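Asks: The structure's right below; bear with me while I get my questions together.
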Amino acid sequence: MVNLTPNAVSMLYHNQAPDGFEPWLQIIDTKKIKPASGTGGDRYRIVLSDGTSYLSGMLATQLAPMMENESLKTNYVLQLKDYLGNEVQGRRIIIVLKVGDIVPHFDCIGSPQNIDGSRGPSVPAAPAASVPPAAALGARPTPPTQSSYQQPQAPANQYQQPPAAPSSYAPPAKPAPSAYNRGPVVRQDPNIRLSDIQSLNPYAGGRWTIKARVTTRSPIKNWTNSRGSGKLFSVDLLDAKKGEIRATFFNDGVDKFYEMLRPGGVFYFAGGKVKMANRRFSSVDNDYEVTFDPHSEISPAPEDGQISQMQYAFKKIAEIENVPADSNVDIIGIVRDVSQVNELMSKAGKQLFKRDISLVDDSNAEIKCTMWNEQAQQDCSNWLNQVLAIKGCRVSEYNGRSISTVGSSSLSVNPTIPEAGHLVTWFSNGGNATQTKSLSSGGGGFGGGSLGSFSERAVISDIKGKQLGFGQKPDYITVKGTVNFIKHDTGVYYQACPKCQKKVVADVAQNYTCEKCQTSYPNCENRYILSVVMLDHTGSTWTTCFNDQGKVVMGGRTADEIGELRDTNPALFESIFKEALFKQYVCRLRVKAENVQEELRVKAGVVNLEPVNFVQESKDLLQAIAQYN
């Protein structure tokens, strides 16, 4: 026999239910409610009874199919697993978010009265006082009888969430189930009633206040579409129960709150609207997000030390190989390589900044991380061999597996957390000499523009010897080479559109026309397209250096400067090219066979290069010799 939980309705109605309270109740009435606007799905109002009292409730929208397929009916008994108390027009109701076991029954149990005595008549009595055995009705086995405050745990059912994928790092502590079931709780300030972040959901209404720390803040993003233009930014919030949620501000809200909400600060937040989150664009472990407008109430809160500075859910680097693309993860590792900042131009003509780093950890794996814009431009000169923790980076399938930061990512060098100390110990006790597997390999080693590690170096003869460039995708290799020749009689640079960097054509009016932008400009920009012979001890190859790489080869001089010297000072022009010869660089080459006049020709483009750091090169050589011996 399954008994209804005595006094359950009273405890729910007066918000006195203890932690872990999962009562057994009977549905004694149901009603379908059509949406007022004619859009959206049907909702269901239900009346729940403990045999003595009853109160009104609503099924969450995700549970509506249970009514439609008759898994729930009038007089059925259910176990309430997750719920939320709410006030509607001065009346307290229960919003049912999740149910456990369901036992069919066909009569009303007891003679329940309305818990709110001033509202509604009582329900007619029925002779049955309890539910017959579930097995007799072909339902789930009957749970063992326990006290009303220690209800049986229901077995897993189709409405429960699947277990999370395991990780070698312990996951962050989750709030107790009661965090989802309670209303506002009075904290230190008796005038402010606070809710936990994990209790927020679209059915809770707007009468809530949270106290949270701003852990990350994105830059302001401007947008334009067919409906107009605007701006937005977002912050990630963390409370004392380790609950997290993303908050977004638009237009006037940006002007009002952006400067106030600095990372690390603690604030009270009220007057936001909770909605379903797009998990693809959020690194926060929450199915919901909140938006605030200029009328929302946000004010500084006292720092009491109860809220952590940051909440991580780290993945080992080796585990990233099995993480789906476009997922958001937290990563911690030792920085093994830091590239220079590269300037790029987006298709919309916006200037971008990019920097690649490589990370290793004690899973003996290495991965490339691409940082963008402000994160790429920060001073990384002292990052080498230091611990870097990244909150909220995006997984990519580009050249194997790689990660990249997004606007809301947070980077912390040598954070004071146990995982960082563990990595430092591993690295100093031999981890720095461990051979690692690179997840970001693209045919010939560390993919993209990063120079990779010393152990992944190739030689120029590998281009022919390993038949690189003949696959469907380009191959990438890193070599140490010497500039042996730079072609400069013609084709040193091209005239480019100042907006999109595509080639322009001069017209009779001395203007420059860009066919892509369909615009004429009075001036153009010269951009390098250098043909350079690189050689090492195994052979040589022609390479192409575009603007950013060309500036490095030409000692920092721009193509505009070189173009002017060609016309005004040919002798100096010649000497500059001679000066650029016989310099050594570590080069990242993109190798791909292309069809030129019905003949396949292997072309090598320089995607990144740096002058050889002879001190670091010597250390790497000594380490390689020691490992060889």
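Just so you know, glycine gets a Cβ as well, placed from its N, Cα and C.
Just so you know, TrEMBL annotations never went through curation; they're auto-generated.
Got these off TrEMBL a minute ago, pasting:
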- 121-136: compositional bias 'Low complexity' (COMPBIAS)
- 145-180: compositional bias 'Low complexity' (COMPBIAS)
- 4-99: domain 'Replication factor-A protein 1 N-terminal' (DOMAIN)
- 208-287: domain 'OB' (DOMAIN)
- 317-414: domain 'Replication protein A OB' (DOMAIN)
- 476-621: domain 'Replication factor A C-terminal' (DOMAIN)
- 113-186: region 'Disordered' (REGION)
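Please go over these features one by one and say how buried each is and what sits next to it.
Replies: When DSSP labels each residue, the domain 'OB' (208-287) comes out as 9 helix, 41 strand, 30 coil, counted as helix, strand and coil in that order.
Within the model, the domain 'Replication protein A OB' (317-414) carries an average pLDDT of 86.
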Asks: Under DSSP, the domain 'Replication factor-A protein 1 N-terminal' (4-99) has how many residues in helix, strand and coil?
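Replies: So the domain 'Replication factor-A protein 1 N-terminal' (4-99) is made up of 14 helix, 45 strand, 37 coil.
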